[in-house]
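Quick look at what Swiss-Prot lists:
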- D38, D101: Mg(2+) binding site (BINDING)
- Y73: site 'Interaction with target DNA' (SITE)
Amino acid sequence: MVEKHLLEFLEKLQFLIAKNVKISHYGIENVKKICGVDIAYKGNLGFSVGVSMDINSGDYNYKSYVGEVNFPYIPGFLFMREAPLMIKAIEGLDCHLLLVDGHGIAHPRKSGIAAVIGVLLDFPTIGVAKSRLTGDLVNESEITYVYLNGEKVGVKFGRYFYSPGNKVDLQDCIELGKRGYPKVLKIADMLTKKIKKE
């Protein structure tokens, strides 16, 4: 059980993060090294893996970090459970763009975990999520957009949702989504499950 005053404090923090998100075109075609980060759980332990992959060769290396997670799962506050472990898992990895398993600005306070990590690290991030957290889906010119309060905050390709975290824009998300679910996140997901079993 999380006290109401703590959630209100965290909401204020999220609004501050959202104000510091930079939306600008990055250019997916310029990415040579891409990173992905994911997490799996066993009891109250979180197993986070960061993967750095060479776009051209497909070669990758990874780092893992295991830590205790005491904050409960509350929709909209995922960053409190996962961001600390994810940040530790990507420390020192070589990459130009970070893909985070979770939302960016397609979030009720425009401050999903990809936005939080992107702002804290001052780094280009895109959130790639398996379910919609907020907003309405609208089809335009063969692309499904996520609208929040009249603003486009994300796109849906297949069953996945892509939204800017920091230092990227919606066009970057579209270009990424058109390529299918990112291989670097598939690898990160596979490794978290493998490490969790060890």
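From the backbone N, Cα and C atoms, a Cβ is placed for every residue, glycine too.
Remember, it's a predicted structure, so these values are computed and weren't measured experimentally.
A gap of 15 Å separates the Cα atoms of D101 (Mg(2+) binding site) and Y73 (site 'Interaction with target DNA'). Taking the Cα atom of each, Y73 (site 'Interaction with target DNA') and D38 (Mg(2+) binding site) are about 16 angstrom apart. With all protein chains in the displayed structure included, the most crowded Cβ environment within 10 Å among the binding-site residues D38, D101 is that of D38.
A sphere of 10 angstroms centred on the C-beta of Y73 (site 'Interaction with target DNA') encloses 11 other C-beta atoms.
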